[in-house]
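Here is what Swiss-Prot says about this protein:
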type	residues	note
BINDING	GLY173, ASP174, ARG175, GLN176, THR177, GLY178, LYS179, SER180	ATP binding site
REGION	509-552	region 'Disordered'
SITE	SER374	site 'Required for activity'
Amino acid sequence: MAELTIRPEEIRDALDAFVASYDPGTAAREEVGRVTDAGDGIAHVEGLPSVMANELLRFQDGTLGLAQNLDVRDIGVVVLGDYAGIEEGQEVHRTGEVLSVPVGDNFLGRVVDPLGAPIDGLGPIEAETRRALELQAPSVMQRQEVREPLQTGIKAIDAMIPVGRGQRQLIIGDRQTGKSAIAIDTIINQKANWESGDPKQQVRCIYVAIGQKGSTIAAVRRSLEEAGAMEYTTIVAAPASDPAGFKYLAPYTGSSIGQHWMYGGKHVLIVFDDLSKQAEAYRAVSLLLRRPPGREAYPGDVFYLHSRLLERCAKLSDELGGGSMTGLPFIETKGNDVSAYIPTNVISITDGQIFLQSDLFNANQRPAIDVGISVSRVGGAAQTKAIKGISGTLKLDLAQFRAMEAFAMFASDLDQASRNQLARGARLVELLKQPQYTPFSLEEQVVSIWAGTTGQLDSVEVSDISRFEREFLEYVKRNHAGVMQGIRETKQFSDGAKDELKKAVDAFKPQFSGGSKGSNVPKDVDAGATDADDISQEKITTRKGGATAARG
C-alpha cells in the first residue's frame, strides 16, 4: 500500500487557485429555489443554500421577499407585497442585494411606503442614492453630547421636559390622549427654522405612521399641508391594511431616510407613531416564521428590535459633520400601565419619557402631561438660558400643587401659605394648557412662563388666565417689541427685560377686564348704554294667519 503524503504547499496552492477563480455572482445566478409553502405573508423556500441574511428574493410573479430565517433545509421569507399569487412549487431567484431604500431631498413633501415607493399620486421620486435598512448605529466615539435645544413649541415640554437635538424622547400614554397632536405641533413649530434658510437651524421631519387607519394618515398630511409644514416633511406610511412585514419595516425605512441627511451634516426629527404596533407586527411575523415565543408571545429579540432602531438617533461629532437625528417614539399603554413589557423596554432605551395621563386629558388638561412621572434625562443641557432661568422650579411647584390638591380634598382648614400654593398652582396649570396647532415661539414661552412663575397672574381669575395670556402677549408685541426681539436673538432673558416686562404687566392689568364676557376695553373710554331712541327695533304681532313683523 502506497504511503499517503500530505503536502501543505499543494493544499495552499489549490485553495489560492479556487479563491482566485471564485465568482460569487455566478452562484447567485445559478441558484433557483422553490416555494414549499406560502400563506399569511410568509413563504418557505428550498434550494438557495448561498442566500444572505436580509437578502431580497424575487418570486415568479415579480413580488419581492426578504430572507429572514436561514435554516438548514429551507429559508423563511417575509413577502413584501401581495402574497395572493405565490403558490407552492413556484421558482424563487436571488437578487444578490440586501434590502435598501432610495433616499434624498426629493422625498421632502412626499408620502412613501416602507419600500420608498411614492403612494401620494404625485409621480415618481428621483433619488440621490440608496441606503441599506440594516446599518450600524453611530459608535460612542462618533457621537457628542446633546446640548442644542429642539423647540417643540409646547410650553409644558420646552419648560419642564426639554428635548435636545439627537435625543430619544419617548411619548407614552393610552390611546386618544394626544400623542400624535404633540408630534404634529412639534413638526409645525420647525417652520420658522426652515424658512430661515440656515442649514444649522433647519430641521427635516419624518413622520412614520405604523398600523394607523388610512383616514388618520390622510388627516395628518392635510394638517401639515394647511400649516405649510409638508415642504420639509416626509411621511412613511404603513397603514393597518398593509401586511405585517411592511409595518415591521416602516420605522427602519424612515430612519434610513433620516440617516442620509444626518450624515450629511443636517438636522432631522423623526416620529415613530407608534412602536407598539411595530412590535405587534414583528410578533406576528416571528410566530409565522415559527420562531419560539417568549413573554406575551413576543420573540426573544424584541428588545433588540427597538434598541437598534432608536440607537440610530444621535448627535454626530463635528468630524462627521455635526448632524443630528432626534427621535420621538410613541408607545400606547393599556389602562395607563407603564410597567408592561414593551413600555418598560422602550423606557430603558430612550433618554426620557413624556407620560400622557388619560384622567388629565378627560379633565380638559391638554396636553395631558403627568409631570410626576415624565422626565428628560438630558435636562437643562438642552434648554436655552432664557427658558432655563425662569422654569427651574416650575416642575417642582406643579408636583407640590398636585400633592397639596389631593390633600386639600380631605382637609377642612388650610393655612394661608397652603391656600396661596393652591391658588398659584391652579393658575400655572391653566397657563400650561395649549390648543392644538398653536405652537409658541421661544420669546412667547419666556414671557408667558415668567408671568406665571413670578406671581404676576395671582390677581387674575383662573377662568381668565388663557385670555389674559393671549391679550398680554399681543400687548407686549405691540408696545415692547424690543424685549421680544432681544429674547429671540440672544436666547437670554436679561434683568432689563424683566424690569420692562414688570412695567408692562402693571400697565396692562388696569386695561384688562376679567370675567367670561369681559373685553379688553381701556377704563378711560366711556362705554355707556345706547339710548333707546337710537336702536332700530322690530315688533312681532301674532294672529291666526301667522306672524308679521313691523319695524319700529
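Any Cβ shown, glycine's included, is placed from N, Cα and C.
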CB contacts for SER374 (site 'Required for activity') [other CB atoms within 10 A, all chains] = 22
Key: Rounded to the nearest Å - Cα separation of THR177 (ATP binding site) and SER374 (site 'Required for activity')   = 15
Query = Counting other CB atoms within 10 A of each CB, which of the binding-site residues GLN176, THR177, SER180 comes out lowest?
reply = GLN176
Query = Other than GLY173, ASP174, ARG175, GLN176, THR177, GLY178, LYS179, SER180, which residues of the chain come within 8 Å of the ATP site, judged by Cβ distance to the Cβ centroid of those residues?
reply = GLU332, LEU356, SER358, PHE361
Message = Taking DSSP as the reference, which of helix, strand or coil describes SER374 (site 'Required for activity')?
response = coil
Ask   = Where ARG175 (ATP binding site) and SER374 (site 'Required for activity') are concerned, what is their Cα separation in Å, rounded?
value = 17
Same chain, 6+ residues apart, C-beta under 8 Å of the C-beta of ASP174 (ATP binding site), given in sequence order = GLU332, THR333, LYS334, GLY335, ASN336, LEU356, SER358
Query = Per residue, counting other C-beta atoms within 10 angstroms of the C-beta, which of the binding-site residues ARG175, LYS179 reaches the highest number?
reply = LYS179
Task = Please work out which residue of GLY173, GLY178 has the most C-beta neighbours within 10 angstroms of its C-beta, and give that one of the binding-site residues.
result = GLY173
Remark   = Quick note, GLN176 (ATP binding site) and SER374 (site 'Required for activity'): C-alpha atoms separated, nearest Å, by 18
Request  = Given the binding-site residues GLY173, GLY178, LYS179, SER180, state which is nearest to SER374 (site 'Required for activity') when distance is taken between Cα atoms.
outcome  = GLY173
